[in-house]
Amino acid sequence: QSAKNKHPKEPGENKIRPVNKKVKPKGPKMKERESADSSSKSQSILMQVMEKGRFQKLAATLSLSAGQSIELRCKGSNITWSYPSYLDTFKDSRLSLKQLDRYGQLILTNSTAADTGEYSCWLQHCNGNKCRKDETKTGSTYIFFTDKEELFVPTPSYFEIVYLNPDKPAVIPCRVTTPSAKVTLHREFPAEEIETDGTNIIYDVKKGFVYQHPTSDHKGIVYCKAESQGAPQISIKYHLLYVEVPKGPPSTTIVASSNRAEVRDGIHVICTVLGEPDVDVNFSWQYPGQESERPVIIQNFWRLINRGTGHTTRISKSVLVIEDFEARDAGNYICIAQNLQGETTVATEVELN
């Protein structure tokens, strides 16, 4: 009888106690903890310092009232920070960054609505002059500094140009300081509200209105309207310009004011690039008197032109000027134009008459 009882009990005990009670609950708990850790890896090193020395891990977003100060810490001995760029542009004294032995510290005092934006940090590993970002040790949060008087995040200008490129989304950056504010998009002429369908045009509280597939029909002047427990507020105006220029190395031409010159003539050589409005072009020159340090004047400038079909193009120019031509100035003038897609070299010859 005892043998009979013992036989069914052993497997029963094994099933109930070691497997179900000890092993199985531990398994899922470990997995849950691992998945929680992996999903919060980007938050793992960023903390907010609270009152009385308490620390709080930060969620993806945080709302504070404008005027409040905030202290953030990131664990690590070599921390790099990212924050709204205008704080750097104006060298704002309200922002303080320090690196201590075990953590990096960011303090922002007397916050304003303009401070609304992404605050992030990461650990840098450096070997000599080369540094790389540790993707497993990062932290990020988007902070809203709410202000009833400033529903839109203030900008330095009253008018902005937004380029509509057919092969990438375009953003109308009317961000709000209060995440619960109701925001709508409006065309100035004809005066109408632009429907946000959630597919082609969406509103992202951290970015603004996003045109997923811009077309020339979207060009014009628009503005945003926000409402939150009070009178509605209007954003600055945005001029949407449609762009359609083939991507690639600069489309470059070169021309001299004359290809034959007399001694003491004034000569200028012009290098011209037609390209996308928001793509910078860098110019460099090679010319006959360069090695002998011949004094020349080089001027670079650009402007936007409307081609009349709703398309906008940027004309970038570099002009090399020689005020009194000499024999040593005769030869080839080479212009090298460079953008992010590559470079183009063009040349023209100027001979001595």
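Easy rule for this one: first residue shown is 1, then count along the chain.
Using N, Cα and C of the backbone, Cβ positions are placed for all residues, glycine too.
Feature annotations, courtesy of TrEMBL:
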- 18-28: compositional bias 'Basic residues' (COMPBIAS)
- 28-140: domain 'Ig-like' (DOMAIN)
- 250-353: domain 'Ig-like' (DOMAIN)
- 1-43: region 'Disordered' (REGION)
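DSSP assignment over the domain 'Ig-like' (28-140) gives 25 helix, 55 strand, 33 coil. In the domain 'Ig-like' (250-353), the DSSP tally of helix, strand and coil residues is 3 helix, 64 strand, 37 coil.
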